[in-house]
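Participant: Can you keep this structure in mind? I'll have questions shortly.
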Amino acid sequence: MFLDDTIAAIATAHGEAGIGIVRISGEKALHIIDQVFQSKQGKKLKDISPRRITYGHIIDTERNERIDEVLVSYMKGPHTYTTEDVVEINCHGGMIPVKRILELILRKGARAADAGEFTKRAFLNGRIDLAQAEAVMDLVSAKTDMGFDVALNQLEGSLSKRVKKVKDELLDMLAHIEVSIDFSDEDVDEVTLDLLLKQSMEIEKKIKVLLETADTGKILREGLNTVIVGKPNVGKSSLLNALLKESRAIVTEVPGTTRDAIEEHFNIRGIPLNLIDTAGIRETEDIVEKIGVERSKAFFNKADLIILMLDASRELTPEDLQIMELVKSKKALILVNKTDLTSQIDYDRIIEIVGEKKVIKISLIEESGLEEVEEALVEIVYKGETRAKDSLLVTNVRHKNALERALESLTDGVQAIKQKMPLDFVEVDVKNAWDALGEITGDTVGEDLLDHIFQNFCIGK
């Protein structure tokens, strides 16, 4: 990528809309727009004060064609999104106007922007760091209000500031270590070792605090993969319909109606759920149903959360017991349905098998217990804590991996200090921790990783 050229792209979604926006960034942005834009007052944009919206038309002078009626804004660098000169053309929405305007801009000397290149330039030009750049994509793809708020906080630098503070503390450690190494002809005193150990352990705690938020952050970013399991005709499809508040799955009294998994994406109290209603798990000779059962088991193994449904009106069957044994090692909710009927189920046996898992009594036909189910989901995701809008969460898997590597290196450093190993070994561990944290903010990343990150962005962002 060349920062000295001028790029252009359509910045709005494809399709019919009220307006469309074409964005230009680079040192030739003003020169290019003045070749194609005619303002109503007849002035060139270079003769109009920046940060004003100017009415006029986009004209293809070579073909003597008026392309569209537009509003154009010019923002002079460095106080822009990319820190470069930026022009935005607001035209009529739809595929044709933006496409024709972009083609004209490219003919006048701009280059078609790569995916995420505007944000990448903002990063490379120092306006934002890499964590903030990634937050832009999280903001665009947020599935819930909470996810949006967390992304906005990261865009404003909440994670970056926390990571930078830890990195600065690691630099202080490195300074102490290097001074001690410079005087290597003298023994390292206990005071120095105690100080380094104290610093290391305090930084360890801070990294662990960040890592503890990663599971919740991942759910807010990607959704909670939740699988409803149970034997046939226990109410799995009815639960899916009740949570969706619409009839999505077929509900009958015939066991085995759901032959394949049904997947829905929706929000419950700000939690994005990827909810999968699976075929009932049982022994069957039906080939199609058997395939569905095998798929159910595959979804079960990959799930973040299992919702196991049992039938209160029947005694526990070998199938129930088999599924409960599988659930023991997973994060799970146990829902006992059909509590409106005479109870035949052994609750003590359920508790004996699943242990501390939450057991909720519900009746889908009477619509009772659903609120408690929603509350349990919130408790599982937020681990019983109340999350404020300005909560700092680690939502990016790349950030989590970097924090884990930093923690591992720092833990090695702590052990080296405790064992009174040469400080050169400690220095390597502390430097590795610093490098790992630098990957979050972009201080220690290569071009290949940057390309990989930004290729997932939208064109025009």
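The backbone N, Cα and C atoms fix where each Cβ goes, glycine too.
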Participant: According to Swiss-Prot, Arg23, Arg127, Lys461 bind (6S)-5-formyl-5,6,7,8-tetrahydrofolate; which one of Glu62, Glu88, Glu427 is listed for that same site?
Facilitator: Glu88
Participant: In whole Å, how far is Lys236 (GTP binding site) from Lys461 ((6S)-5-formyl-5,6,7,8-tetrahydrofolate binding site) when you measure between their Cα atoms?
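Facilitator: On Cα coordinates alone, these residues lie 41 Å apart.
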Participant: Name the residue among the binding-site residues Asn233, Ser237 whose Cβ has the smallest number of other Cβ atoms within 10 Å.
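Facilitator: Across Asn233, Ser237, these binding-site residues, the one with fewest Cβ atoms within 10 Å is Asn233.
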Participant: Please identify, from the binding-site residues Arg23, Lys236, Lys461, the residue with the sparsest Cβ neighbourhood, meaning fewest other Cβ atoms within 10 angstroms.
Facilitator: Lys461
Participant: Tell me the Cβ contacts of Glu88 ((6S)-5-formyl-5,6,7,8-tetrahydrofolate binding site) under 8 Å, same chain only and six or more apart in sequence, or just say none.
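Facilitator: Within the chain, Glu88 ((6S)-5-formyl-5,6,7,8-tetrahydrofolate binding site) has Cβ neighbours under 8 Å at Ala11, Ile21, Val22, Arg23, Ile24, Val72, Ser73, Met75.
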Participant: In angstrom units, rounded to an integer, how far apart are the Cα atoms of Ser237 (Mg(2+) binding site) and Arg127 ((6S)-5-formyl-5,6,7,8-tetrahydrofolate binding site)?
Facilitator: 50
